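Structure record follows, encoded as C-alpha cells.
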Amino acid sequence: SQAKRGGGLRRNAGVARCEVSPEALFQSDKFNVNNSSLSALEQLKTSAADRYTKERSSIVVIGLSVHTAPVEMREKLAIPEAEWPRAINELCGLNHIEEAAVLSTCNRMELYVVALSRHRGVKEVTEWMSKTSGIPVKEICQHRFLLYDKDATQHIFEVSAGLDSLVLGEGQILAQVKQVVKVGQSVAGFGRNVSGLFKHAITVGKRVRTETNIAAGAVSVSSAAVELAFMKLPEASHHTARMLVIGAGKMGKLVIKHLVAKGCTKMVVVNRSEDRVTSIRDEIGDSAEIIYKPLSEFLSCAAEADVVFTSTSSETPLFLRENVADLPSSRLFIDISVPRNVGACVNELESARAYNVDDLKEVVAANKEDRLRKAAEAQAIISEESKQFEAWRDSLETVPTIKKLRAYAERIRAAELDKCLSKMGDEIPKKSRKAVDDLSRGIVNKLLHGPMQHLRCDGSDNRTLSETLENMNALNRMFSLETDISVLEQKIRAKITEQTQS
C-alpha cells in the first residue's frame, strides 16, 4: 500500500480531551449517573459528546518505515520488545485510545490503535511518540504515515505477507508479527480488535507464502546484507575475503547462515559470550569454520577483516571515524543494527565504506518482473482476506443486540414455561416436563432464526452492513432492547476510573 503522509495536524503541547470532559458529564446536574440508565442515555445523546455515539471506533496505524523516515529517526523511536507492554498500557491510558499494539523492527516502527475519535487519537499518539523519543511533533508529522480502518487492515496484511518489506517476500517479518501477538496476549490493552487484526494477519502471511511461493528466491534483511557484500567485493575475492560478524543474535545467526550458503568456509564471530556461537557452530556442522572472539577484541578483529557485519543491540556506535582511521587497508562495513553500530562519519574515510539497513535497497533490483507478478497474486489474496476481516469486525456491531434479543426471548419462554407447568400440577412426569421444555425452546429458536440471520454480517451472503444495522436498529426499537447503559458511557466511566486510580 502507498504510505499516506499525515500532515495537517496542529502541534499542541496539551493533551487532547473531549469538548465536554467526562468529569463534567458525570458531575453536572444535567448528567446525573444516579438517574435511570435510559434517562442517562437520552441526556448523553443530546450532549456535545453525541458525535462519539455516531462515530464508530477506528483502527488507526501511525507509523514510520524505511520508505518514509531515515534510520536516524527510526532508531530514536524504536521500542524494544521488552517495552511493548509498557507502551501499550501508556497508549491505552490516553483519552481516546481503547486498544493498542506495537510493531517495532529495524525497518519500521508502527503503532496500531483503536481510537474513539481518529483525529484526537492520532494527535494524542503523536504527542506520546514525541514525548518518548524527544523528536518534535512537527518533525514526526513530516515523516509518519497514517492509515485508517480498511487501509490499516490492508497495510498490516501486506506487511505480514512481506509485500511492504525492503526485500519483497522476506519471511522474518511474519515471525515478528507473531511475536506481537505472543507479547500482546498478556496485556489488557491488546484488545479484541487489534488481537483479531494481528491474528488474521498471520493467517494472511502464511497463505500468501504457501499459495504464491513469493519467498522463493527472496531474501531477509540478513541475506540482503550478505548479497550487498558480495556485490561490492571484487568477484575474484569472493572466496578469499575475510569475514567478521559482530553479534550472534537472531540477525547475526542469519548472516552466518547466508555466508555459508554463499560458499564462505571460514569466518570470525565476535560476541559477548561463546554459548551462542557454539550453538550456531553445532547447527552448521562442518560447513564452515567459525572462530569465536570475545567482544573486547572487536577492534583487533576488524583490523584483520575485509568485510565487517554488525548486528548488536548496543545503544552507542561500536565504530566511529577515530576507531577506523588507523586500521590497515580498506574494509567494508555492513551494519544491520538499529540503533546503528557504525557511525555515518566512517564514510568520511577513503579506506572504509559503511552501509546501513537503508542501503540494502540496492539488493532488490534483480528479478523485478517475477516479484511483481507474485505480488499481484498476493494482493488478490489480501483483498479477499481483508473483506473477511472487515465482515468479522462489522459483525461485532450487532453482537450486543443478538445477545439482548436472545435473553429477551429466553425470559419470556422461561416465564411462560413456569406458568404452564404450574397449571399441569406437581405430578407431571420428568419426561413430560422435558418434552414441554424442549417444545418451548424449539418454538423460540425457530422464531428467532429469521431475525438472527438478518443480524449476522459474516460475508456469507450479499447483505450489506447498512442493511444489517437497519435490522439491528429496528429490532432494538421493536423489543425495547436499548435499556442498558450506553457503550460510550461505559467507556467514559472506565477512563475516569483509570485516571482516578493513577
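In case you wondered, yes, glycine gets a Cβ from its N, Cα and C as well.
What TrEMBL says about a protein is an automatic prediction, not a curated fact.
Per TrEMBL, active site, nucleophile is recorded for Cys106.
A simple way to gauge crowding: the CB of Thr105 (substrate binding site) has 22 other CB atoms within 10 angstroms, across all the protein chains here. The substrate binding site annotation in TrEMBL covers Thr105, Cys106, Asn107, Arg108, Ser165, Glu170, Gly171, Gln172, Gln176.
As annotated by TrEMBL, NADP(+) binding site applies to Gly247, Ala248, Gly249, Lys250, Met251, Gly252. For Gly247 (NADP(+) binding site), the Cβ neighbour count at a 10 Å cut-off comes to 26, with all displayed protein chains included.
The domain 'Glutamyl-tRNA reductase N-terminal' annotation in TrEMBL covers 62-212.
If you look up TrEMBL, you'll see 232-363 marked as domain 'Quinate/shikimate 5-dehydrogenase/glutamyl-tRNA reductase'. Assigned with DSSP, the residues of the domain 'Quinate/shikimate 5-dehydrogenase/glutamyl-tRNA reductase' (232-363) fall into helix, strand and coil as follows: 54 helix, 31 strand, 47 coil.
Per TrEMBL, domain 'Tetrapyrrole biosynthesis glutamyl-tRNA reductase dimerisation' is recorded for 377-481. Broken down with DSSP, the domain 'Tetrapyrrole biosynthesis glutamyl-tRNA reductase dimerisation' (377-481) shows 85 helix, 0 strand, 20 coil.
As annotated by TrEMBL, site 'Important for activity' applies to His155.
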### Task
May I ask which of the binding-site residues Ala248, Gly249, Lys250, Met251 is closest to Asn107 (substrate binding site) if we compare their C-alpha atoms?
Met251
### Separation of alpha carbons, Met251 (NADP(+) binding site) and Thr105 (substrate binding site) (Å)
12
### Message
Just to confirm my parser: what is the rounded mean pLDDT across the domain 'Glutamyl-tRNA reductase N-terminal' (62-212)?
### Response
93
#### Entry: Cys106 (active site, nucleophile) and Gly249 (NADP(+) binding site), distance between Cα atoms, whole Å
14
### Query
Between Gly171 (substrate binding site) and Ala248 (NADP(+) binding site), what C-alpha distance do you get in Å?
19
### Task
Find, for the listed recorded positions His155, Lys250, the residue with the lowest Cβ contact count at a 10 Å cut-off, counting only other Cβ atoms.
Lys250
### Query
What is the interatomic distance between the Cα atoms of Ser165 (substrate binding site) and His155 (site 'Important for activity'), given in whole Å?
11
